[in-house]
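**Q** Below are the features I grabbed from TrEMBL:
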{"type": "TRANSMEM", "residues": "21-45", "note": "transmembrane segment"}
{"type": "TRANSMEM", "residues": "57-74", "note": "transmembrane segment"}
{"type": "TRANSMEM", "residues": "125-148", "note": "transmembrane segment"}
{"type": "DOMAIN", "residues": "132-304", "note": "domain 'ABC transmembrane type-1'"}
{"type": "TRANSMEM", "residues": "154-173", "note": "transmembrane segment"}
{"type": "TRANSMEM", "residues": "234-261", "note": "transmembrane segment"}
{"type": "DOMAIN", "residues": "337-579", "note": "domain 'ABC transporter'"}
Amino acid sequence: MRFTELRTLLGECLRHQPGRTWLLLVLTPLGAVTPGLTALGLQWIVDGVLTGDRPTIVGGAICAATAGAFALAGSRVVQVQTGLVANEVGTVLGRRTMRWCATLPTTAHLEDTESLRRIEQIRGLGPRTVSFGLNCLSVAQSGLWLVITTVLLARVHPVLLALPLFAVPSILLTRTTSRRMEAASAATTERNRAEQHLFTLITEANSAKELRLGASGGYAAGIARRLRDERAAILGRATLAVGALTLIGSLVFVAAFLGALLLTARLALSGTVTPGALLLVATLGGQIRGQLDLLSQALTRTARGLTMTGDYLWLRDLHAASSGGTLAPPDRLSDGITLTGVDFSYGGPPVLRAIDLHLPAGATVALVGDHGSGKTTLVKLLCGFHRPVAGTLTVDGTPLGELDSEAWRERVTSAFQDFSRFPFLAREAVGVGDLPRIDQIGEAAEKGGAAQVFARLPEGGETRLGKALGDGVELSGGQWQKIALSRAFMRGTPLLAVLDEPTAALDAAAEYEVYQRYAQAARQWQEATGGITLLVSHRFATIRMADLIVVLDGGRIIECGTHAELVALGGRYAHLYDLQASAYR
Ligand code: ADP
């Protein structure tokens with residue numbers, strides 16, 4: 001039983017909707033009493049008719065009618081109030097999860113399959129989760145009803161005490177089936193996500209172009225078909241198994257009910273019980289099926305609601321555990337950023353090993369290495385997206401983990417090769433680089449080249465980009481890159497500026513121009529704040545300008561120094577530099 005989830009869910013309902021939640025908590029036991037009162041009332045009416053006892057008839061009629069009316073009105077009130085509570089509380093939880101997802105300081109959870117599965121489930125978190133979870137009240141009501149029914153049946157004959165017991169297999173099987181359906185649903189989530197991703201690849205202009213050219217559209221569609229078939233097979237098998245188990249549970253109970261009716265009829269014939277008792281057993285026995293159906297549905301929904309609440313708690317704990325420290329980053333760097341014995345892995349083999357590196361304040365540092373050597377991973381650690389598995393990473397002597405991660409992020413600017421293509425207005429796509437100054441993009445748009453892009457757009461900076469949020473204008477790769485670069489220029493005084501091959505889509509002249517502007521800006525913030533500029537590039541014309549060049553290979557630093565020092569060393573750097581230089585000769 002998921003008590004923590006249950007406590008959390010009811011706690012949130014009581015906090016945000018106390019009146020309505022208490023009303024539901026009070027109506028729950030009352031709802032359990034009414035069916036028993038109806039059955040008793042009917043028994044009294046029959047017995048009163050057979051014995052000619054008017055007060056018993058009237059008492060039975062009042063009892064049955066009041067209980068019936070209350071059951072009807074009560075269930076309607078419960079339905080409406082549950083809907084209202086679910087809506088209000090679900091909206092609060094949904095809003096909260098959205099905020100947590102958006103502000104998680106690290107992004108490690110977005111690169112791990114199990115976490116992505118949970119995020120996918122959380123995406124649907126809202127009113128439905130709460131209304132599913134509140135089915136626990138129906139479970140309690142049905143449980144209480146079962147106890148009352150058992151007592152009433154036992155008054156007719158002790159053997160009938162066993163009748164609800166025959167419902168136990170059905171309840172147990174219901175729990176098994178709900179677990180089975182949950183497992184099937186979890187097993188299909190990953191396939192569903194992969195299939196949707198493939199669909200996006202097939203239908204998004206950029207990737208569709210590459211798929212068409214490589215004639216691999218059919219290949220991608222084939223994988224999607226296989227995933228869909230697997231998903232259908234898993235769900236089909238689970239549905240069949242669930243159907244068979246439910247049928248077995250029902251048959252066991254129907255046989256027992258028949259036996260109970262025959263026994264009561266014999267007792268009535270022999271005069272041991274009144275004929276009205278037969279009606280009581282028939283009414284209650286008949287309700288057992290319906291109530292069990294309700295119970296089984298309520299159990300399934302509660303399990304689903306609590307599983308989703310479990311995912312909500314996982315996200316809450318993840319957010320709390322990774323919310324970083326509370327210290328403010330320094331106004332200006334005096335010493336720099338130091339990595340000591342840093343190891344990192346994405347959960348598999350190590351990707352960075354025993355990194356000892358000092359990035360001096362005010363320096364321009366270039367990272368060089370083959371694809372997969374760990375350059376981007378090192379950048380991600382410096383930005384605070386991931387935490388080292390071992391070793392320390394300090395900013396002017398303070399561990400990065402102790403700094404308020406949002407405050408640190410505000411002092412970092414970055415432009416990545418796989419930059420985002422935000423489907424906002426063109427000026428917004430630049431301005432979100434520094435949200436508080438979203439309307440002051442002038443200088444950044446000039447420096448990063450976005451101003452040139454705006455000049456060619458039908459409505460300048462007010463033009464919507466991309467197709468995701470409306471019928472916007474699609475840009476070329478180079479134009480998107482200029483938007484991304486300008487976004488990186490938005491942060492006025494960064495302590496760390498990262499350029500991870502952001503000019504790959506630009507031609508040589510445009511790249512030269514961007515780097516000139518970047519170098520100029522870098523000089524400004526290096527003087528103002530001791531900021532560090534980190535370049536990841538394959539172009540040696542850019543790399544050689546750096547104050548410090550770090551050569552990575554297989555996750556280790558193999559060489560470190562200035563251009564002149566590394567050329568003189570005659571190692572890997574000198575070899576790579578020669579290769580590129582000779583290509584231009
Ligand atoms: P580079 O930037 O030098 O090309 P990366 O830092 O991107 O290298 O990658 C270093 C290694 O880490 C590669 O072997 C790559 O496959 C692996 N890697 C990168 N990102 C992930 C990830 N999200 N999950 C697992 N492995 C990853």
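Just so you know, glycine gets a Cβ as well, placed from its N, Cα and C.
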**Q** Can you work out which residues elsewhere in the same chain, 6+ from the ends of the transmembrane segment (21-45), have a Cβ less than 8 Å from its Cβ atoms?
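**A** For the transmembrane segment (21-45), the list is 10, 13-14, 56-57, 59-68, 70-71, 74-75, 77-78, 81-82, 85, 134, 137-138, 140-145, 148-149, 152, 274, 276-277, 279-280, 283-284, 287, 291.
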**Q** Could you give the residue numbers and ranges of same-chain residues that sit at least 6 residues beyond the transmembrane segment (234-261) on either side and whose C-beta is under 8 angstroms from one of its C-beta atoms?
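**A** Sequence-remote neighbours of the transmembrane segment (234-261) are 153, 160, 162-163, 166-167, 169-174, 176-177, 180-181, 183-185, 187-188, 278, 281-282, 285, 288-289, 292, 296.
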**Q** If you average the pLDDT over the domain 'ABC transporter' (337-579), what number do you get?
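**A** Here the predicted model's pLDDT, averaged over the domain 'ABC transporter' (337-579), is 86.
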**Q** At a C-beta cut-off of under 8 Å, are there same-chain residues at least 6 beyond the transmembrane segment (57-74) that contact it? List them, or none.
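**A** Counting only partners 6 or more residues beyond its ends, the transmembrane segment (57-74) has Cβ contacts under 8 Å with 27, 30-31, 33-35, 37-38, 40-49.
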**Q** Six or more residues out from either end of the transmembrane segment (154-173), which same-chain residues have a Cβ under 8 Å from its Cβ atoms?
**A** 146, 245-246, 248-250, 252-253, 255-257, 260, 263-264, 267, 272-273, 277, 280-281, 285, 288, 292, 295-296, 299
**Q** Give residue numbers and ranges for long-range contacts of the transmembrane segment (125-148): same chain, 6 or more residues beyond its ends, CB-CB under 8 A.
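**A** Here the qualifying positions are 5-6, 9-10, 12-13, 24-25, 28-29, 31-33, 35-36, 78, 82-83, 85-87, 89-91, 93-94, 97, 164, 167, 291-292, 294-295, 297-299, 301-302, 304-306, 308-309, 311-312.
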